[in-house]
Amino acid sequence: MSSSEYYCVPGDRLCPCDRATAGPGTYEKQNCIYASIAGTIQLTTVDQSTANSDKKPIISVVRQDRSLAVPSVGSLAYCKVTNVTSRFVRCLIFAINNQPLKTPCHGRITRENIESLNKDSVVCSTKFRPNDIVLARIISLGDANAYLLSTAEENLGVIAARSAAGEKLVPVSDCQMACPMTNTVESRKVAKIQAELTDEISKLV
């Protein structure tokens, strides 16, 4: 068995069905395999000497039960955007301070907490889109439904996103990302990531 260092959250597309067999923690939909839980991606290869040598490898998602990460005020939260409205952005928090959570929890970024300037004129849909991966800070425990998050600091915001063409977007400024395949430019609240954090973030997204 070989383990990937990549972390996934529910709904992430892992691979086409013709490349692997869906294992624990995954499900099939429209000829693709998706993650049904948050955890680390694992690929189990088949012994080629057996009668089932033509069998595809099994892809699974394993929860990181050893994690003791607990959301708290001031912590950095890695989130996946699930919904964007005119007033706030809903997120699924899957890691805290680089440590995966045992169970993802809900977060919310209000319009006033997206940027430090021009708070009243911020348009949420030009800063975040569904499925964006965001680095935010927990500023309040909120209520029973969601933690209150902020991306007002310059090092917070979108750290990974995909274009309509399915390509990873590349930051071109603090408010724009571009698709390398189509050259289309999309608006985002882009996080200013330090080079030394790149490797750590790649393990989570």
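Placed from the backbone N, Cα and C atoms, the Cβ positions cover glycine too.
Just so you know, TrEMBL annotations are computer predictions that nobody has curated.
Annotation source TrEMBL lists domain 'Exosome complex component N-terminal' at 8-43. Tertiary neighbourhood of the domain 'Exosome complex component N-terminal' (8-43): same-chain residues 1-2, 55-64, 80, 92, 94, 100-101, 103-104, 131, selected by CB-CB distance under 8 Å and a gap of 6+ residues from either end.
Annotation source TrEMBL lists domain 'Exosome complex component CSL4 C-terminal' at 59-141.
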DSSP-derived helix, strand and coil totals, residue by residue, for the domain 'Exosome complex component N-terminal' (8-43): 0 helix, 20 strand, 16 coil
